[in-house]
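Chemist: This is the feature table in TrEMBL:
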type	residues	note
DOMAIN	7-263	domain 'CN hydrolase'
ACT_SITE	Glu47	active site, proton acceptor
ACT_SITE	Glu47	active site, proton acceptor
ACT_SITE	Lys130	active site, for glutaminase activity
BINDING	Tyr136, Ser193, Lys199	L-glutamine binding site
ACT_SITE	Cys166	active site, nucleophile
BINDING	Gly337, Leu338, Ser339, Gly340, Gly341, Ile342, Asp343, Ser344	ATP binding site
BINDING	Asn414, Glu443, Lys559	deamido-NAD(+) binding site
Amino acid sequence: MAATSTLRIALAQTDPTVGDLDGNARQVLDWTAKAAEAGARLVAFGEMQLTGYPVEDLVFRESFVAASRARVDALAVELAEAGLGETVVVTGYVDADGPARMDADSDPDRGPRDALAVIHRGRVVTRYFKHHLPNYGVFDEDRYFVSGDVLQVVRIDGIDVAFTICEDIWQAGGPFAVARGAGVGLVVNINASPYERNKDDRRAALVKRRAAEADATVAFVNIVGGQDELVFDGDSLIVDAAGTVLTRGPQFAEHLLVHDLTLPVAGAKPAAETDAGPPEMTVAHTVVTTETLPAPAETADGGIAEPLSDLAEVWHALVTGLRDYVRKNGFRTVVFGLSGGIDSALVAALSADAIGPENVYAVSMPSRYSSEHSRDDAADLAKRTGINYLSEPIASIMDAYLGQITLDGLALENVQPRIRGLILMGLSNQHGHLVLAPGNKTEYATGYSTLYGDTVGGYAPIKDVMKLMIFALANWRNEEAARRGETMPIPVNTIVKPPSAELREDQQDTDSLPPYEILDPIVEGYVDGDLGRAGLIAAGHDAALVDRVIKLIDRAEYKRRQTAPGPKISVKNFGRDRRLPITNRWVEKA
Ligand SMILES: Nc1ncnc2c1ncn2[C@@H]1O[C@H](COP(=O)(O)OP(=O)(O)OC[C@H]2O[C@@H]([n+]3cccc(C(=O)O)c3)[C@H](O)[C@@H]2O)[C@@H](O)[C@H]1O
Ligand SMILES: Nc1ncnc2c1ncn2[C@@H]1O[C@H](COP(=O)(O)OP(=O)(O)OP(=O)(O)O)[C@@H](O)[C@H]1O
Ligand SMILES: NC(=O)CC[C@H](N)C(=O)O
């Protein structure tokens, strides 16, 4: 039995803001104070805590990189001045040991680094540069960073701790294999790992696999909050070498997870094979001399947070994305058209949850095709949620417009959403509201929306939510309210009536689109699954329908490119995840 010692660790699940270096450093000071108060010897923050994540092309600006480097050094001094010098602080930031890579002649071994600093007694005692750089999905890290190849092992309270960053945990045979060779007791992995449905289960399995690979306890800390189209869900956790989850933090909430770890002291583990990691990777050792403190009177146990259900998780992701987009971009209020239909109803309920009903402005803009029940349902929703409700009928504006410009058919139908867009933009300019675009993923996919009409808006809260899931979320939110003994926010009639754009007499979505039960799986197969025509047909979809739907999706690329960002919840969102040419003659052949 190896000799062991106890290390009290704190994982700080914070919500940093891209570019707000001082505000983010303030978070480190504040949360380190809490960690020290709780008796933690080591506190770990997320990937790029100091700069926010992702910083994208800010990395190309020397001024930004220099500010990040200076901020981490200043933070070390500030921590010591605040009496927090004894706590070992681990934080992510952007470093550089050479200029950004601008062309093929750039030095492949030097440049900007996705970095981690270990801070103690007023200085950065060591720095680790991320080894595995993700370059798929929403990530472009090969564009920005140079990979590091030195695993940093720091001896803290007699325990050897290795440090890694996010993607390092996603690949076998990397820094975790090297950590095994180094015989460490603990690997800390700091993350900016964006939310996507079911990813929490994948991550937990991954942390277990890496703990086995390193033969060490692994502490995984993730940030929370929204950044443009990404949402970070926290869900920090610690797993021991045998794969047992020791503690797990909540999803979508700032939190300090404090836990006592019993770990082998340095040199106590039998020597392991050292050739399992990347051949270029070496190990550097640092010893941190810590003050001897009396053992704490009580054990710290972070507990295991109750996991959220799939729909609860999606709801929280949408609320978090919307709330942080509004807040971090300096808005207080939002405005959108409330039709009585399910999409804008869901946006209303999400907005009320995200920023409070008093900050939400919903505008009913009936035309002569708007049914009485739509207006009633919109007014009912406003009453149920307590949001601000305005009515601006558009018939007279339509008449004035059509008195001058002669249009018919689709051109005429599109005038209604465009007048509504004009009204919303006017209210936004006048009152400083952020305009929300209430389109869902099925609509974005098929182009079932009017450009510069119902697509207007600065943020699209349900852009990555398929229509069938819109219904499921509406039901979930109502059931949640009922469970809590609160008023259900969404009128039942809004959920049960057939969806309609109400742009002409008796119009229904199914006049132009297949029923959503059939349409959504085809869209998901083509967009999320990247299946081609043959793959969709092999999956059991009708060939003629597949041809029709993929034609709609291909044709709408130009429209999607002109739309606002919205929070990613799926494996492939319309945004950074899916990049297709607009000018494109590739067609899936029969
Ligand atoms: N490749 C390309 N690059 C750039 N622009 C391109 C383009 N191809 C067409 N365009 C332009 O796009 C415009 C046509 O698009 P757009 O004006 O939007 O019109 P369009 O897509 O033709 O019609 C809107 C459709 O959305 C439906 N809708 C509207 C409103 C609400 C809802 C709902 O239920 O949510 C549904 C409506 O029933 C209709 O089927 C034209 O100006 C055309 O020149
Ligand atoms: N009468 C209306 N008053 C206010 N806004 C409207 C009205 N009709 C449509 N809109 C706005 O245009 C968006 C597109 O709505 P439309 O009814 O055409 O289709 P939808 O996709 O079924 O949306 P919803 O389910 O919200 O009705 C709505 O979400 C809403 O923001
Ligand atoms: N920031 C990162 O390295 C994130 C990459 C990782 N694969 C994730 O999705 O969590």
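Using N, Cα and C of the backbone, Cβ positions are placed for all residues, glycine too.
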Chemist: Measuring Cα to Cα, how many Å separate Tyr136 (L-glutamine binding site) from Gly341 (ATP binding site)?
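Modeler: Distance (Cα to Cα, whole Å): 36 Å.
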Chemist: Looking at the binding-site residues Lys199, Asn414, Lys559, whose Cα is closest in space to that of the residue listed as 'active site, for glutaminase activity'?
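Modeler: Smallest Cα separation from the residue listed as 'active site, for glutaminase activity' among Lys199, Asn414, Lys559: Lys199.
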Chemist: Quick check: which same-chain residues outside Gly337, Leu338, Ser339, Gly340, Gly341, Ile342, Asp343, Ser344 lie with their CB within 8 A of the centre of the ATP site CB atoms?
Modeler: Ala345, Val347, Ser374, Ala378, Pro438, Thr494
Chemist: Suppose we screen the recorded positions Cys166, Gly341, Asp343 by Cβ distance to ligand 3 with a cut-off under 6 Å; which survive, in sequence order?
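Modeler: If the test is a Cβ under 6 Å from any atom of ligand 3, the answer is Cys166.
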Chemist: Which residues, in sequence order, are found in the same chain with Cβ within 8 Å of the centroid defined by the Cβ atoms of Tyr136, Ser193, Lys199 at the L-glutamine site, excluding those residues themselves?
Modeler: Pro134, Gly137, Val138, Phe139, Trp170, Pro194, Glu196
Chemist: Starting from the deamido-NAD(+) site formed by Asn414, Glu443, Lys559, give every other residue of that chain whose CB sits within 8 Å of the mean position of their CB atoms, in sequence order.
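Modeler: Other same-chain residues with Cβ inside the cutoff are Gly439, Gly447, Tyr448, Ser449, Thr450, Leu451, Gly453, Asp454, Thr455, Ala556.
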Chemist: Express the distance between the Cα positions of Lys559 (deamido-NAD(+) binding site) and Leu338 (ATP binding site) as a whole number of Å.
Modeler: 22
Chemist: Given Tyr136, Ser193, Ile342, Ser344 as the binding-site residues, which ones have a Cβ positioned under 6 Å from some atom of ligand 2?
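Modeler: Result: Ile342, Ser344.
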